[in-house]
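Colleague: Have a look at the structure that comes next, please.
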Amino acid sequence: MVSDFGLPTFISATELLLASAVFCLVFWVAGASKPRVPKGLKRLPGPWGWPLLGHVLTLGKNPHVALARLSRRYGDVFQIRLGSTPVVVLSGLDTIKQALVRQGDDFKGRPDLYSFSFVTKGQSMIFGSDSGPVWAARRRLAQNALNSFSVASDPASSSSCYLEEHVSQEAENLISKFQELMAAVGHFDPYRYVVMSVANVICAMCFGRRYDHDDQELLSLVNLNDEFGKVAASGSPADFFLILRYLPNPALDTFKDLNERFYSFTQERVKEHCRSFEKGHIRDITDSLIKHYRVDRLDENANVQVSDEKTVGIVLDLFGAGFDTVTTAISWSLMYLVTKPRIQRKIQEELDAVVGRARRPRFSDRPQLPYLEAVIMETFRHTSFLPFTIPHSTTRDTSLGGFYIPKGRCVFVNQWQNNHDPELWGDPEAFRPERFLTPSGAVDKALTEKVLLFGLGKRKCIGETIGRLEVFLFLATLLQQVEFSVSPGTTVDMTPIYGLTMKHARCEHFQAKLRFEA
């Protein structure tokens, strides 16, 4: 029977027993899926999530902002679910440092995400789930090779090191390109040319060659990177929803294809180097890695062989990480400088006083250019264009802040929240470079260390030092010689677009005027 409202007035005993059984089963499964919390520790707090979906809808278009908002309610350590996968979210500088630095061995893992298996054919040092001796040896090897062809000195050059030589050359070429564009059309989009110049720096270090800006091979590579960023920005639901791996998935297919093309490009460069390798003439990072497994054979610290495939993986990791971050930092900096001309003029006054106009900036000028350094740091902080680190995972049962976290738990580190924490910055929404200067005008080192962009601890980006140097020298060289502006009446859109790295909307109305004749 049904009531006047269309609702049942009673149910049978069989229906009642069946409903009770289903409820008990669901309750039992939910309880059984929760790990047993050791005595003295607490269960992770977190919001209620939708069945099957978890908190996917809660994250919205800006997950970094949504999770920062949740941290205000649940604290610096809480848990959400993506599908049926539990994810621990870390916020707050002290908590993040405790996890990644002081308890670094507990949190140095990577989750075994489905999409990660397609990066470098599963051989990625950055995305791979391995965190043991093999991974540590490869990381040391990559770090040594990177240092050899970046911060190490080049005896045949007047520059202090290979990196300085490459960046100075590319910055000069970039200025020439801007002049050509101004003469031809009177405005330009700086991003498309900055990315080519930065890509050339990492090409020179990894492959020993540079490309012209209209070279189709380099253009193809840069376009691949742009496509990769767009696809990665949408996330990979198949990482958390198993069924999506077996259904038609155009975004995942595109992601696989892009990774295949990146791998093929790098593999071909490595093969070329293998064919022309001479152990007495090490030309670049790729040669350095080939020498390691052909001549040195074993890593002296861990006795780990490095194969051809591993070499391709290391080079691809270094190459991929080597230009997107730097390009994004320079591009955002230029956007701030055209919208805040007072800051641009102040940097140029500092450059005129310290470097002058008779020579080009050097890495050695960096300590004497504190205001430029402060602007770079504020750009890193304000944009937080790397809102999260690559996800971590726990390598063993552990605890943080009194909360129990089991082995294998996926961990998100919200760098954006730290960089916009009012308790840390006071006025986080304001773009104010002076916050990074002491009363005497020096860089406040203690405060700069509170900005999170490159991660911390055992998974910290191995290219951080080089990336910071590149951003500094590109900007110093450009701003010494060029005054940037936008066409009159142009509205510059500074809204961050969420992604693997958060970009701004492209602006095609930049203008550049030489400050003096070379």
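Placed from the backbone N, Cα and C atoms, the Cβ positions cover glycine too.
What you are looking at is a predicted structure, and each value in this text was computed from that prediction instead of being measured.
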Colleague: Please identify the range among 33-44, 225-236, 393-404 that Swiss-Prot labels region 'Mitochondrial targeting signal'.
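Modeller: In Swiss-Prot, the region 'Mitochondrial targeting signal' feature sits at 33-44.
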Colleague: Where does Cys461 (heme binding site) sit in DSSP terms: helix, strand, or coil?
Modeller: coil
Colleague: What is the average pLDDT across the region 'Mitochondrial targeting signal' (33-44)?
Modeller: 87
Colleague: In sequence order, what residues of the same chain, 6+ apart, have a Cβ less than 8 Å from the Cβ of Ser71 (O-linked glycosylation site)?
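Modeller: Listed in sequence order: Phe78, Val89, Ser91, Gly92, Asn414, Gln417.
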Colleague: Taking the Cβ of Cys461 (heme binding site) as reference, which residues of that chain separated by at least 6 in sequence fall under 8 Å from it?
Modeller: Ala321, Thr325, Phe454, Gly455, Gly467
Colleague: Same-chain residues six or more away whose CB lies under 8 A from the CB of Phe228 (substrate binding site)?
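Modeller: The answer is Phe255, Leu258, Asn259, Phe262, Leu500.
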